[in-house]
Amino acid sequence: MRTLWILAVLLVSVDGSMFNLWKMIMVMTGKEATKNYGMYGCNCGPMKRGKPKDATDQCCADHDCCYKKLTDCDPKKESYSYKFEKGEILCGETNPCLNQACECDKAVATCFRDNLDTYNKKQQFNTGIFCSKAKAC
């Protein structure tokens with residue numbers, strides 16, 4: 001029940017590029033982002049940090065590090081331009097920071113797609129209690 005409440009809060013507070021990210025994940029993996037990756041492993045989801053449990057979890061750790069490099073925009077609030085072409089994501093934002101945010105989201109969606117074979121349903125709703133300290137970016 002608590003998990004459903006958390007997911008509901010996340011859905012209500014969505015704006016900017018988060019919607020773009022969710023759409024990228026859906027197109028690239030065929031999986032609904034919040035349900036399948038919103039609390040996955042030790043690094044997917046808000047305020048989660050820890051040693052990645054598998055390749056899918058590593059995708060989230062890399063995405064967090066990518067976002068940390070952005071200094072002139074807030075990728076969770078500001079939207080950017082992109083399109084899908086021949087199964088690939090093409091970022092087309094003129095603002096350099098937002099274009100980099102798009103590239104970060106493209107990278108994680110592509111990483112999820114490339115690691116579908118390592119996706120572990122047992123990690124889908126990981127609370128982070130058993131996550132060890134992560135290395136810095």
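In case you wondered, yes, glycine gets a Cβ from its N, Cα and C as well.
Here is what Swiss-Prot records for this protein:
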- Cys42-Cys131: disulfide bond (DISULFID)
- Cys44-Cys60: disulfide bond (DISULFID)
- Cys59-Cys111: disulfide bond (DISULFID)
- Cys65-Cys137: disulfide bond (DISULFID)
- Cys66-Cys104: disulfide bond (DISULFID)
- Cys73-Cys97: disulfide bond (DISULFID)
- Cys91-Cys102: disulfide bond (DISULFID)
- 121-133: region 'Important for membrane-damaging activities in eukaryotes and bacteria' (REGION)
- 1-16: signal peptide (SIGNAL)
- Lys121: site 'Important residue of the cationic membrane-docking site (MDoS)' (SITE)
- Phe130: site 'Hydrophobic membrane-disruption site (MDiS)' (SITE)
- Lys133: site 'Cationic membrane-docking site (MDoS)' (SITE)
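On the structure: features taken from Swiss-Prot.
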{"residue": "Cys42", "record": "disulfide bond", "Cβ contacts under 8 Å, 6 or more apart": "Lys48, Arg49, Gly50, Lys51, Pro52, Lys53, Asp57, Asn126, Gly128, Cys131, Ser132, Ala134"}
{"residue": "Cys59", "record": "disulfide bond", "Cβ contacts under 8 Å, 6 or more apart": "Cys44, Val108, Cys111, Phe112, Asn115"}
{"residue": "Cys65", "record": "disulfide bond", "Cβ contacts under 8 Å, 6 or more apart": "Cys137"}
{"residue": "Cys66", "record": "disulfide bond", "Cβ contacts under 8 Å, 6 or more apart": "Gln100, Glu103, Cys104, Ala107, Val108"}
{"residue": "Cys91", "record": "disulfide bond", "Cβ contacts under 8 Å, 6 or more apart": "Tyr80, Ser81, Tyr82, Asn99, Cys102, Glu103, Lys106"}
{"residue": "Lys121", "record": "site 'Important residue of the cationic membrane-docking site (MDoS)'", "Cβ contacts under 8 Å, 6 or more apart": "none"}
{"residue": "Phe130", "record": "site 'Hydrophobic membrane-disruption site (MDiS)'", "Cβ contacts under 8 Å, 6 or more apart": "none"}
{"residue": "Lys133", "record": "site 'Cationic membrane-docking site (MDoS)'", "Cβ contacts under 8 Å, 6 or more apart": "Arg49, Gly50, Lys51"}
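Across the range of the region 'Important for membrane-damaging activities in eukaryotes and bacteria' (121-133), the DSSP-based residue counts are 3 helix, 1 strand, 9 coil.
Long-range contacts of the region 'Important for membrane-damaging activities in eukaryotes and bacteria' (121-133) within the same chain: residues 3, 35-36, 39-42, 48-51, 53-54, 56-57, each at least 6 residues beyond the stretch ends and with a Cβ under 8 Å from a Cβ of the stretch.
Taking a C-beta cut-off of under 8 angstroms and a sequence separation of 6 or more, Cys97 (disulfide bond) has the following same-chain neighbours: Leu70, Thr71, Asp72, Cys73.
Long-range Cβ proximity for Cys60 (disulfide bond), meaning a same-chain Cβ under 8 A and a gap of 6 or more residues, is found for Tyr37, Tyr40, Gly41, Asn43, Cys44, Gly45, Lys48, Pro52, Val108. Taking all protein chains in view, 25 other C-beta atoms sit within 10 angstroms of the C-beta of Cys102 (disulfide bond). Once Cβ contacts within 10 Å are tallied over all protein chains shown, the disulfide-bonded residues Cys44, Cys73, Cys111, Cys137 are led by Cys44.
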